[in-house]
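According to TrEMBL, the features are:
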type	residues	note
DOMAIN	A:23-213	domain 'Nitrile hydratase alpha/Thiocyanate hydrolase gamma'
BINDING	A:CYS123, A:CYS126, A:SER127, A:CYS128	Fe(3+) binding site
Amino acid sequence: MADHDHDHDHDRTVKPMVDEVTDFEVLEIALRELCIEKGIFTAEEHRRFTEFAEQIGPTPAARLVARSWLDPEFRALAIAEPMTASKEVGVDWLEPTGFGTPSDFTAFEILVDTPTVHHVIVCALCSCYPRPILGNSPEWYRTPNYRRRLVRYPRQVLSEFGLYLGEDIEIRVQDSNQKHRFMVMPMRPENTDGWTEDQLTEIVTRDCLIGVALPRAGVTTNVVVATRPAVHPVGE
Amino acid sequence: MSTAADRAAQLDLVARLRSSYPELPDAPPPDLLDHDRFTAYMKPVHDVGGEPDVPMKYENKEYEYWEHMTYVMCEVLAWRGIWLSEERRRIGNVDVGRAVYLGFPYYGRWLLAVARVLLEKHHIGLTELAERMAEVQRRFAGGLSGRTLTAKPAFEGDGTQVKRNSHVVHALGKGDPQVYAGRAGEPKFAVGDPVRVRELPVLFYTRTPEYARGATGRIAALAYESPAPEDETWDRPGAEPEWFYVVSFTMAELWHGYNGTATDTLRTEIPERWLEPVD
């Protein structure tokens with residue numbers, strides 16, 4: 001079993017060790033060992049998927065948007081054949097199993113914002129999210145709170161992310177409750193004339209791709225950046 | 001047929017359900033359990049959309065190693081044909097009941113689903129799981145003390161006799177839902193058609209959200225062909241694919257007392273069996 005190597009940079013923080021071994025850790029180890037001993041899967045298969053899961057993140061999606069802003073042909077491709085466009089930014093939705101990541105399916109659609117329509121995604125049933133091109137979802141996206149409220153009070157929830165949209169803009173909530181996975185293509189912001197694809201990619205944050213933020217020149221971080229450390233036992 | 005106000009009232013009712021309604025005795029006699037409360041108890045607990053809640057602070061938390069390993073194990077089990085991800089969703093997000101659903105961490109439920117599916121499909125026994133957990137607890141007694149949390153399987157088993165599903169064979173090189181393309185026949189609805197979401201009785205599982213049931217919307221797109229979740233979640237042999245539609249709802253009609261604008265909309269995907277035409 002390969003050890004978890006953490007000299008590389010994640011967009012999330014992985015905590016490899018805690019002081020007290022928790023019930024969840026015990027159960028995970030026990031189940032993994034039994035699966036390998038019974039030949040349900042091999043240690044090599046587990047290692048391969050782990051490596052795959054550690055290299056996914058929102059950068060390809062940001063690049064896809066930036067390229068679409070610069071190249072009308074690519075933009076048309078991204079709308080018509082989003083999985084073909086994904087390949088051009090390095091994401092093959094059939095990887096790593098040959099039929100996709102099982103929980104995410106291979107049905108992808110890009111929701112294109114216009115001056116009068118703003119999209120925002122949620123999965124009110126669990127946390128369906130375009131992992132292959134956005135990486136794992138943020139913790140808040142999975143909370144019952146976000147899932148309960150976004151489908152009913154989208155303007156209030158967006159305001160809690162600092163996003164206030166006028167009455168001339170239709171908010172279109174996409175509840176991705178089945179097999180389709182969605183991401184938002186926001187509009188190119190002002191004050192970015194002459195920018196390169198790399199420069200534009202930097203301002204397309206994960207939150208912009210979910211639809212809880214809009215890209216702005218000079219802003220390269222997500223709205224929610226506070227990270228609560230995991231401490232076991234609680235209160236130490 | 002329900003109104004938007006009826007649907008909001010039902011969501012308010014569900015929100016007050018903890019392990020049981022305090023106004024009723026435990027295990028009430030049947031004459032005390034009305035239809036709305038029966039529906040609330042039977043509601044698949046993952047379906048939280050629209051349930052009342054107040055703002056909270058959204059924050060990140062450190063992603064623990066076991067959470068990452070649990071995600072990977074679930075995906076590898078699906079990759080190797082032990083379950084469909086739709087089975088995982090039901091077992092981990094619904095079959096756990098309301099108390100564990102709201103009381104457990106997100107990946108804690110994924111992990112319980114692994115134990116549950118391996119037991120139910122006879123891949124492991126509960127006694128050997130308990131013994132292995134006790135052994136792991138002994139191994140790490142006193143904490144990690146600088147050691148790495150590592151799985152140490154005693155050997156690599158021969159997996160040739162392990163029962164696996166056929167999905168992983170059929171979907172290979174095609175993807176899912178593409179593996180079902182061309183099998184659902186003519187779609188019943190076209191883009192632009194007004195449709196009403198049926199109010200079918202719900203037991204155990206559905207992915208048609210409660211907040212949309214009884215509401216009227218419009219077909220925004222034909223999505224794909226696939227078995228409906230009600231069949232796929234049990235990997236039911238012979239389940240026939242059907243058309244799925246993206247249905248658009250006007251928020252002001254969907255929600256009683258919606259306080260956004262008249263043009264705000266919501267879209268969600270609904271399988272054909274759940275839709276009926278509006279005259």
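Positions of Cβ are set from backbone N, Cα and C atoms, glycine also.
Owing to the predicted nature of the structure, the values given are computational and were not obtained by experimental measurement.
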One finds that other Cβ atoms within 10 Å of the Cβ of A:CYS123 (Fe(3+) binding site) number exactly 26
Check: same-chain CB within 8 A of Fe(3+) site center, minus A:CYS123, A:CYS126, A:SER127, A:CYS128: A:ALA124, A:LEU125, A:TYR129, A:SER137, A:ARG142, A:ARG147, A:SER176, A:ASN177
Please report the number of other Cβ atoms within 10 Å of the Cβ of A:SER127 (Fe(3+) binding site). 22
Sort out the sequence-distant neighbours of A:CYS126 (Fe(3+) binding site) for me: same chain, 6+ apart, CB within less than 8 Å of its CB, listed by position. A:ARG142
Identify, in sequence order, the residues in the chain of A:CYS128 (Fe(3+) binding site) that are 6 or more apart from it along the sequence and have a CB within less than 8 Å of its CB; answer 'none' if there are none. A:ASP104, A:SER176, A:ASN177, A:GLN178, A:ARG181
